[in-house]
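Since the structure comes first, as structure tokens, the remarks are kept for the end.
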Amino acid sequence: MSPYQINPSTSSASPVPPQSLAKPQEIDGLLAGAGYKVRSSDLRQVAQRLERLETAMLNSPSHHLSLLASDAVLYNPSDLSNWVDSLLSELNQSQPLPSLPSDLSDPTALDNPWIDHPSPLPHHTIIPQPHNIDTAAAATTPTNNNNQLTVVTAVEEDSGIRLVHTLMTCAESVQRGDLALAGSLIEDMQALLARVNTGCGIGKVAGYFIDALSRRIFSPVGGVASAGSVYENEILYHHFYEACPYLKFAHFTANQAILEAFEGQDCVHVVDFNLMHGLQWPALIQALALRPGGPPLLRLTGIGPPSPDGRDSLREIGLRLAELARSVNVRFAFRGVAASRLEDVKPWLLQVNPKEAVAVNSIMQLHKLLGSNPTRESPIDTVLNWIRRLNPKIVTVVEQEAKHNQPSFLDRFTEALYYYSTMFDSLEACALQPEKALAEMYIQREICNVVSCEGSARLERHEPLAKWRARLTAAGFRPLHLGSNAFKQASMLLTLFSAEGYSVEEKEGCLTLGWHSRPLIAASAWQAVPDGGGSGSPSGVIGSSGNNTGVML
């Protein structure tokens, strides 16, 4: 489910030149020629009755709608005014219509006896029908159930279209700085949400984007990061990992590339930019244990945020991985580096040995370094610089395939709406309901950061593979081709998921995973280009640091 394609520039009405306005007689002629028995002067009244009909349908029990659906086909919809009045009268016999908002009131409609003198019938009453059709029986047939579904679906679809249009208009107002208009549109969208299914489809996605826009409009300048606690983020990350194949694809693909880069090496060292429960590394440990000629010595340095409760969570993860390594006879050493931001990590903390084969692993982390700071070097340039000085055999990079770092808020919003609509579509295929619900919360936090935050608070600055290719090449890296084994691993992974919408594609030596025709994440591998005349040895040194933890087997 992707949102409707909308040109933002057409979202607001433009004045029509007087010479282009048609006369009422001409409009009446066009309507008559098209077969509609209604005058142009009556269109406003018909539109208001349609609004009333929509409200009545949304507030009626399903068995009342069954009566309406079974009869609706008996009226001639070309006679718009009488057709709508007939439907309203029929529905009123089943249930009184709720009061309407004041902005929909129509003085000419107040004389309608249907409004002033409602006469609801008992639920079991059978309304006489032409051709002796028994409504109670007809409502139970599949055909008339389909009619009912069609009527309700049409109302939801219309509300969904208006919801997307209003979202775009609100984003355009935010970009112009018209926060008063944007705030009023938030109220309009919340009313529209009541008319659509918010459990799936555009209703669910729109709800998250309305919440993010509200935070941006009604919060202080810069936005609210809404990052949550470290513990919450780890829990949501884990459920996102379980619910869908995106993180599994990232881990499997990176592990296969690292395994091939470490071939024939006796001492290997992996630097992981986001340890997160160590979910990626059991598979690599087991693969190294089965390597012909025996496993190497594996050192793992995991970077992660400090634990707010004083626990040494990085060490706990290291101990669990050490137990696994011992069970499969892999020599293993672990070191944890606690850092709130990746740019705060200094290369000497990693304790890289010149005799080691080094792999640097970044799963959806580099985009957080793309914010600019006029007082110092760009964080992404700083980190890519010291990665290159480590002289790694391989750098694995997985990033969202999206354009969420554009300077224009409206462009960023439009791209995010399309991207996350596709992401939520793919989650609908998830059979694990608890994991799915928490995975959606994980994505919701990304949406909130993309839409509501600016400056240093905006961390989710996703960029497409083409931009990463140009940036990494300029920083002194050359691409490594992800071989056929990585493609096979990723394809086998998808067989674990019953949905057929997921697809893996190879693109210039890189792999993408997407939903149907839309790639959502991209995996690539890189190698540092040695300096001419340089020794090629890494700049990290062996040393000790009281702020970091280690486990050795």
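Any Cβ shown, glycine's included, is placed from N, Cα and C.
These come from TrEMBL:
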REGION    1-22  region 'Disordered'
COMPBIAS  1-14  compositional bias 'Polar residues'
DOMAIN    28-95  domain 'Transcriptional factor DELLA N-terminal'
REGION    237-302  region 'VHIID'
MOTIF     268-272  motif 'VHIID'
REGION    316-348  region 'Leucine repeat II (LRII)'
REGION    358-449  region 'PFYRE'
MOTIF     366-370  motif 'LXXLL motif'
REGION    452-527  region 'SAW'
REGION    532-553  region 'Disordered'
On the DSSP side of things, how many residues of the motif 'VHIID' (268-272) fall into helix, strand and coil, could you say?
0 helix, 5 strand, 0 coil
Report the DSSP secondary-structure composition of the motif 'LXXLL motif' (366-370) as helix, strand and coil residue counts.
4 helix, 0 strand, 1 coil
Looking only at the region 'SAW' (452-527), how are its residues distributed among DSSP helix, strand and coil?
25 helix, 26 strand, 25 coil
What mean pLDDT score does the region 'SAW' (452-527) have in the model?
90
